[in-house]
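Please read the structure below before turning to the comments.
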């Protein structure tokens, strides 16, 4: 291993590595805790090994054993976001190459940052409670004491006891169920994950779930209210999986299921192995949002099979995944479509750089994560700056087929392991050994270690974007007296993707006069669109232009779903409208308790409200 430390973890992975986790969970909806036991199979890497450190966060530890013998343990001081190191002293010493099974009995806190406990009112069915986890980046330690670093990969097995009217699913292959011998009102679900994976991909959901088959190796899971809609929306899953396999090699995880979560889920998707998590904001009824699923499918290779060694190298996960996602788009749609998506991504990058500030080191492709909470660093930078670098290299090395050959070879080379940027770069130079002179001309320092926009802007094909650009220019240049020249015909021929792009372009301009957005609503009827990507941009545009009627709609969208991509900018936009600043804060405070802990913490920072985070 290149570096033996991870700035986001207390665990000592130079001394020992976890090979397997065996989890026993008892999910308690009354007290909002999981009563648990985990047995970690640990391989020792040094002689005279007598102690180890695990990551924990807000866990109540009651007992630790090593190979069945009682082991001394102590919790270190609590760190603001890293949690608390659990120091375990073994009752014997071990030498390099030996294994030890360390078993920890514990309970999670009701406030565990990985978990959100929903009341029946917060679900679609309104009858049963619901639990879901989100461990990326460093939250697994709040539900499992572990070496919570992506440098570490292990298999896992789990048995989960839940009330019998509910169903449990995990990021693993289902391995049957049986009545709970301890309690006849409960049932135990079993899961196994035979492919080694990092801790941040451990995931659990418990709720009134149903499923539908959508392909030979795929089911969609959700509450029954959404399940048929979801089965329709994700019906192209198998085609996408096959396309990805043609590009990247065999899919090794067996099952590929999709779980549609309740609206408070903070991300668009999460690539948990065997069970992608997806936001219900994707259920627009027009299948236009399949790029989220293409993205999560791509993670089965880049991220889950080949993983960033620490969060500083997060771009290795996300940049390659965006590259692969857009290659799937190229195969299923066209090269022009890929170019169009790449242009949209460049704009997202520009927005992130503007938000953070062009000199902010968090806009580096490889940021320094020392004392930085990965949640605070999350943005489109690793995705889109990463993609821009790969696309730039694709152009230098000879086009998409040639460069995809490298990406596939990189995946094969580093499968089942974790990598750093240095290792990736070294392999790039090895693979393209005949073009090293060209690679040496790349300004690596500017790409990797310099804040702001990349040193090179690729020249993307604008065919699909031209209509969006032209319409945007018309709205920006038109005087109030000429607004009658616009009609519904303007947008009739635009695809959903193009309409989203048109609104994105307008958001980059100075705010339109109020008369313009009112006219836009008259002719295009944008308030009537249910597609979340369109509605989100349209409402931001209206609030920027100080259209007061849009404020309640913007706050409604910010609170009736919790996807951070939508919720944070909508709150910020209303907050920046001076007249409604207090209203933005009031609505946030009123809804805060129902929000996901990560979302409420970040929105509180955005609105300069006390984060109420325990320190």
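Each residue, glycine too, has its Cβ placed from N, Cα and C.
Small disclaimer: the values here were computed from a predicted structure and weren't measured.
The peptide binding site annotation in TrEMBL covers 134, 135, 136, 266, 267, 268, 269, 270, 271, 563, 564, 565. The Zn(2+) binding site feature in TrEMBL is assigned to 295, 299, 318. What TrEMBL records for 296 is active site, proton acceptor. Feature annotation from TrEMBL assigns active site, proton donor to 383. Residues or ranges marked as domain 'Peptidase M1 leukotriene A4 hydrolase/aminopeptidase C-terminal' by TrEMBL: 463-607.
Distribution of TrEMBL features across the structure.
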{"residue": "134", "record": "peptide binding site", "Cβ contacts under 8 Å, 6 or more apart": "114, 116, 203, 265, 266, 267, 270, 277, 596, 598"}
{"residue": "136", "record": "peptide binding site", "Cβ contacts under 8 Å, 6 or more apart": "200, 201, 270"}
{"residue": "269", "record": "peptide binding site", "Cβ contacts under 8 Å, 6 or more apart": "276, 277, 278, 279, 282, 292, 293, 295, 296"}
{"residue": "271", "record": "peptide binding site", "Cβ contacts under 8 Å, 6 or more apart": "201, 296, 299, 300, 303, 304, 321"}
{"residue": "318", "record": "Zn(2+) binding site", "Cβ contacts under 8 Å, 6 or more apart": "303, 382, 383, 386"}
{"residue": "564", "record": "peptide binding site", "Cβ contacts under 8 Å, 6 or more apart": "266, 267, 598, 599, 602"}
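The average per-residue pLDDT of the prediction over the domain 'Peptidase M1 leukotriene A4 hydrolase/aminopeptidase C-terminal' (463-607) is 95, rounded to a whole number.
Across the residues annotated as binding peptide (134, 135, 136, 266, 267, 268, 269, 270, 271, 563, 564, 565), the widest Cα-Cα separation comes to 18 Å. Listed in sequence order, the residues 271, 296, 298, 302, 303, 317, 321, 322, 324, 325, 383 complete the 8 Å Cβ shell around the Zn(2+) site centroid, once 295, 299, 318 themselves are left out.
Cβ neighbour count for residue 299 (Zn(2+) binding site) (all protein chains, 10 Å cutoff from its Cβ): 25. When other Cβ atoms within 10 Å of the Cβ of the residue listed as 'active site, proton acceptor' are tallied across all protein chains shown, the result is 25. Per DSSP, the secondary structure of the domain 'Peptidase M1 leukotriene A4 hydrolase/aminopeptidase C-terminal' (463-607) breaks down as 115 helix, 0 strand, 30 coil.
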